[in-house]
């Protein structure tokens, strides 16, 4: 007969033990669609790689594209490849081989690199909006304001902030106990999904999120939209109807991406953990982690005549060589 003291000891040990691995569910809501979903996300991932690598290659090989705007676009393309490469390959493995297990350290690394890429993209979109504001509203001063020294310093600062910002989250997450469950109802180790599993108080993480959001996120969002307000007001002064139409077409596409990216991030993370819905967060994560990186090369670059000419010249050179 089992001793009651042993039972209490086992229960106590179970309640205080931290998980040694996590199980990522992926999309269990669609059991019969696992292979079609695998093919869909594989196609999305290949488009992301092809589109963004094309932007990086063409920009590097075309001297006429060696401008601040395309320098920032190259960084955006690299970040889009990085953020999707952190999450989508594991999701494809879950779809194909049902390999849902991930080590605790692997999960925390995934959180770190995902937050790192999100932080840089948040800052980079703001910088790109300011770059377009200077180019459109102050074209005569553009070369002086956005010179190469300034651009390199800006990008270096973005990467430094990007590396440092997720450290706090990762340190706190690694110190938490996950005794409720080790099953993550998401398709990667998302911050909100992990906090739902923690039996440690998450108020510290919530406070950190509000502080960083107030001092980093909100200024980025405000500066981005202020830049676009000035850009739109300048566009309205264009006399040519065709010129206004083209400018608005480009500007509206950029704004759509910015609103979707900022909106989904704010709705997913800038709320108390207790009020978050994992199902909604999962859908939003598909949007900002898969669809937006897929459309970014098309919206920001591949619609641009200079990029099209650069691609044409690159292929012509390769063909005749």
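Glycine is treated like the rest: Cβ placed from N, Cα and C.
Same-chain neighbours of the transmembrane segment (35-58): 27, 65, 73-74, 77-78, 80-81, 84, 88-89, 91-92, 95-96, 290-291, 293-294, 296-298, 301-302, 307, 310-311, 314, counting only residues six or more beyond its ends whose CB sits under 8 Å from a CB of the stretch. The transmembrane segment annotation in TrEMBL covers 35-58 (among others).
Per TrEMBL, the feature domain 'G-protein coupled receptors family 1 profile' maps to 51-300.
As annotated by TrEMBL, transmembrane segment applies to 70-88 (among others).
Per TrEMBL, the feature transmembrane segment maps to 108-130 (among others).
Residues annotated as transmembrane segment in TrEMBL: 142-164 (among others).
Annotation source TrEMBL lists transmembrane segment at 210-231 (among others).
The transmembrane segment feature in TrEMBL is assigned to 252-271 (among others). Residues 118, 121-122, 125, 129, 132, 191-192, 209-210, 213, 217, 221, 224-225, 228, 280-281, 284-285, 287-288, 292, 295-296, 299-300, 303 of the same chain sit 6 or more residues outside the transmembrane segment (252-271) yet have a Cβ under 8 Å from a Cβ within it.
Annotated transmembrane segment per TrEMBL: 283-302 (among others), in sequence order. Sequence-remote contacts of a segment are chain residues at least 6 beyond its ends whose Cβ falls under 8 Å from one of its Cβ atoms, and for the transmembrane segment (283-302) they are 41, 44-45, 47-48, 51-52, 54-55, 70, 73, 76-77, 80-81, 83-84, 87-88, 114, 118, 186-188, 190, 253-254, 256-257, 260-261, 264-265, 267-268, 308.
Mean model confidence of the domain 'G-protein coupled receptors family 1 profile' (51-300) amounts to 87 (pLDDT, 0 to 100 scale).
Sequence-distant contacts of the transmembrane segment (70-88) (same chain, at least 6 residues past either end, Cβ-Cβ under 8 Å): 41, 44-45, 48-49, 51-53, 55-56, 59-60, 110, 113-114, 117-118, 120-121, 124-125, 127-128, 131, 151, 155, 158, 187-188, 289-290, 293, 296-297, 300-301.
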